[in-house]
Amino acid sequence: MEKSCFYLALFLSLFTTTVLAGDPDMLQDVCVADLNSSVKVNGFPCKADITADDFYFKGLANPGATNNTMGSVVTGANVEKVPGLNTLGVSLSRIDYAPGGLNPPHTHPRATEMIFVLEGELEVGFITTSNKLFTKNITKGDIFVFPRGLVHFQKNNGVEPAAVIAAFNSQLPGTQSLAVTLFGSTPEVPESVLTKAFQVGTKEVDKIKSRFAPKKN
């Protein structure tokens, strides 16, 4: 019964995202992405020789490793992993959270996100452009929606691991984590911008930057 509910929710989420797709409409049955092409287009050019494997991915079956600073990990199933998604306007991700784990405030500039809780409990929320926070505690079997482009987060306040499946109405929704974007960009955002924006001194900015600076090989 639980599996049936999961697949029903997944189907409904995919159906909804297809109807409200933000990507350009397809003009043919399939256009499997040629990820190695040097041609630059809005999306990916189509490759000539395709197989069933272009539409297949099993990377969401198992939990991802959450032994990192945030205690969470995102495993994507987008066009870069499933070339057959090219022009179809949908993708999925699996997000795993350790107890206390956080998927930090971020945005998806090209997609609305809908999550379905596989296990555990989460505090989730998004902030509108009028600076209003909408937040809710959700648990196994629940669904929550994050509107396109709005800052949002998920936090596991439970004592057990948690996991969700996320559906997007884009083949490549994009992710901008606010902290990494502002304090870990290359080249760096000028200190004068950050100190004025956050009303802090250069020492505080440098301390935060040291934690998000790109790792050097």
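Backbone N, Cα and C atoms are what each Cβ position is placed from, and that goes for glycine too.
Sequence annotations record features per position, and here TrEMBL assigns signal peptide to 1-21. The annotation disulfide bond is assigned in TrEMBL to CYS31-CYS46. The domain 'Cupin type-1' annotation in TrEMBL covers 58-206. Residues or ranges marked as oxalate binding site by TrEMBL: ASN103, HIS108, GLU113. Annotation source TrEMBL lists Mn(2+) binding site at HIS106, HIS108, GLU113, HIS152.
Sequence features, as recorded in TrEMBL, placed on the structure.
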residue: CYS31; record: disulfide bond; CB count, 10 Å: 20
residue: CYS46; record: disulfide bond; CB count, 10 Å: 17
residue: ASN103; record: oxalate binding site; CB count, 10 Å: 25
residue: HIS106; record: Mn(2+) binding site; CB count, 10 Å: 19
residue: HIS108; record: oxalate binding site; CB count, 10 Å: 23
residue: GLU113; record: oxalate binding site; CB count, 10 Å: 25
residue: HIS152; record: Mn(2+) binding site; CB count, 10 Å: 23
Exercise. Sorry to bug you, but what's the C-alpha spacing from CYS31 (disulfide bond) to HIS108 (oxalate binding site), rounded to the closest Å?
Key: 24
Quiz item: Using the Cβ centroid of HIS106, HIS108, GLU113, HIS152 as the reference point for the Mn(2+) site, which residues of the same chain not in that list have Cβ within 8 Å?
Solution: THR107, PHE126, PHE146, LEU150, VAL151, PRO173, THR175
Self-check item: recorded positions clustered about HIS152 (Mn(2+) binding site) [Cα within 10 Å; pool: CYS31, CYS46, ASN103]
Solution: ASN103
Practice problem: Please name which of the recorded positions listed here, CYS31, CYS46, HIS106, is nearest in space to GLU113 (oxalate binding site), Cα against Cα. | Solution: HIS106
Quiz item: Under DSSP, the domain 'Cupin type-1' (58-206) has how many residues in helix, strand and coil?
Solution: 22 helix, 58 strand, 69 coil
Quiz item: Given the recorded oxalate site (ASN103, HIS108, GLU113), which additional residues of the same chain have their Cβ within 8 Å of the Cβ centre, ordered by sequence?
Solution: SER93, HIS106, THR107, ILE115, PHE146, HIS152, ALA166, PHE168, PRO173, THR175
Quiz prompt | Rounded to the nearest Å - Cα separation of CYS31 (disulfide bond) and ASN103 (oxalate binding site) | solution = 32
Quiz item: What is the interatomic distance between the Cα atoms of HIS106 (Mn(2+) binding site) and CYS46 (disulfide bond), given in whole Å?
Solution: 31
Practice problem: Check the domain 'Cupin type-1' (58-206) for me and report the mean pLDDT. | Solution: 96
Quiz item: What's the CA to CA span in angstrom from ASN103 (oxalate binding site) over to CYS46 (disulfide bond)?
Solution: 34
